[in-house]
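Student: From TrEMBL, here are the annotated features:
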type	residues	note
DOMAIN	9-414	domain 'Major facilitator superfamily (MFS) profile'
TRANSMEM	12-35	transmembrane segment
TRANSMEM	47-68	transmembrane segment
TRANSMEM	80-109	transmembrane segment
TRANSMEM	173-191	transmembrane segment
TRANSMEM	235-256	transmembrane segment
TRANSMEM	268-289	transmembrane segment
TRANSMEM	301-321	transmembrane segment
TRANSMEM	327-346	transmembrane segment
TRANSMEM	367-386	transmembrane segment
TRANSMEM	392-411	transmembrane segment
Amino acid sequence: MTAAAQRRTVRVLVLTQAVGAVGITIGIATASLLARDLSGSEALSGLAQTAQVLGAAVISFLLAPLMARRGRRTGLMTGYVIGAAGGLTAVLAGVVGSMAVLLAGAMLLGAATSANNAARYAATDLATDENRARSLSLVVWATTIGAVAGPNLTGPAGSLADRLGIPQLTGPFAIGAIGMLIAAVVVGVLLRPDPLLLAQEAAGTRERGARTGTGIVRTGSSWSRARDVVRERPVLGFAIVGLALTHATMIGVMTMTPLHMEHGGSGLEVIGIVISVHVLGMFAFSPLVGMLADRFGRPQVLGAGGVVLLVALVLCASSPSGMSWQVTAGLFLLGLGWSLSMVAASTMVAEHTPIAVRTDVQGVSDLIMGLTAAGGGALAGLVVSLGDYPMLALLSLVLVVGVLGCAVRAASPTRRTA
């Protein structure tokens, strides 16, 4: 029963990720450009992406208790519907010319990212220790389909916007909203039985006040429960910090790449291609990454991701403005390094967290990851406005050193078993 439910869960999540990713990624190439046009300042151009990341962080934390009570299906549906509302709000922002409305829409749009993040954990609810990383990575891989297609729809979306009489840069957000609504329907209809509720029932933790499996009673807030488990299992702390630093590095550099390319004369179509290459690196090799994590160990793959991120940042720092092989290769490796680190660290979070507090720890993890990335995105815009894109890439090396440190500490046997 559990094995069959796990196979069905992964199939449904793969389909959902493929559709939902279009909605999430289609606006990446235009968000910073629309923010710049509405604000009139390049220093503020990164705020839209930052608001989306911030929204994802906060909404992930809020969805965690909902999923603990009602299951993954309800939480994922809620995230995608709120995200669709955010996409439509972003369209309204372009029509009325309001930066404030754009930021509000971007924060709501972050709910779709929250849903996608939760989906990767949903793939592990019924997984065994031997295939947990592969299950997670397969769902992450499915994002490739929509994520690569999304940025490449930027040009056609702009043409559609012209025909609809709305600003060209808002077209991608309109198409994205449709993708998110479709994802919500797919989850609502097909994600049955609910993997989290089934896992909780199997573990006997559905009763209120059930113990976490570590001797900690499920009382207090999500934050306090997560904190207590992390104190007892230090490897969780290193995994969460590694996730946060990896995501902040990727978001900061990726967000400023469209502006760096536009300064050199690149158009939306060319920018969309480079972003697609980046997204390909993020998701396309996830199944292989999962196999490596299951075979060689999660901390080792986290460290490999840090090394790849170092190479990516050096290439980005050496890239001239506009289209270049350096920025294309750098963005690809930035995505690949993110994939290695994210799959490995997320699997550590999933496998070291007791079932009774699973959503609490995962929600806190995504909150910290999102807040760190939001700060990184905001600082990225400031760094580029005061300096330039290569300076941003070089400064980001500091974060990657932290990722490598987390990998080393997580690999310590005493840290894993504390």
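Using the three backbone atoms N, Cα and C, a Cβ is placed for every residue, glycine included.
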Student: Taking a Cβ cut-off under 8 Å, which residues six or more beyond the ends of the transmembrane segment (12-35) line up next to it in the same chain?
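Tutor: For the transmembrane segment (12-35), the list is 44-49, 52, 76, 80, 83-84, 87, 90, 93-94, 99, 102, 106, 109, 112-113, 115-116, 119, 122-123, 138-147, 149-151, 153-154, 157, 167, 169-170, 172-173, 175-180, 182-183, 186-187, 190-191, 254-256, 258-259, 262, 268, 271-272, 275, 279, 283.
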Student: With Cβ distances under 8 Å as the criterion, find the stretch in 301-321, 327-346, 367-386 that has the most pairs with the transmembrane segment (392-411).
Tutor: 301-321
Student: Between the transmembrane segment (268-289) and the transmembrane segment (47-68), do 3 or more CB pairs sit under 8 angstroms, pairs being 6 or more residues apart?
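Tutor: No, the transmembrane segment (47-68) and the transmembrane segment (268-289) are not in contact.
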Student: Look over the recorded stretches 268-289, 301-321, 367-386 and say which has the most C-beta pairs under 8 A to the transmembrane segment (327-346).
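Tutor: Looking only at 268-289, 301-321, 367-386, the most contacts with the transmembrane segment (327-346) come from 301-321.
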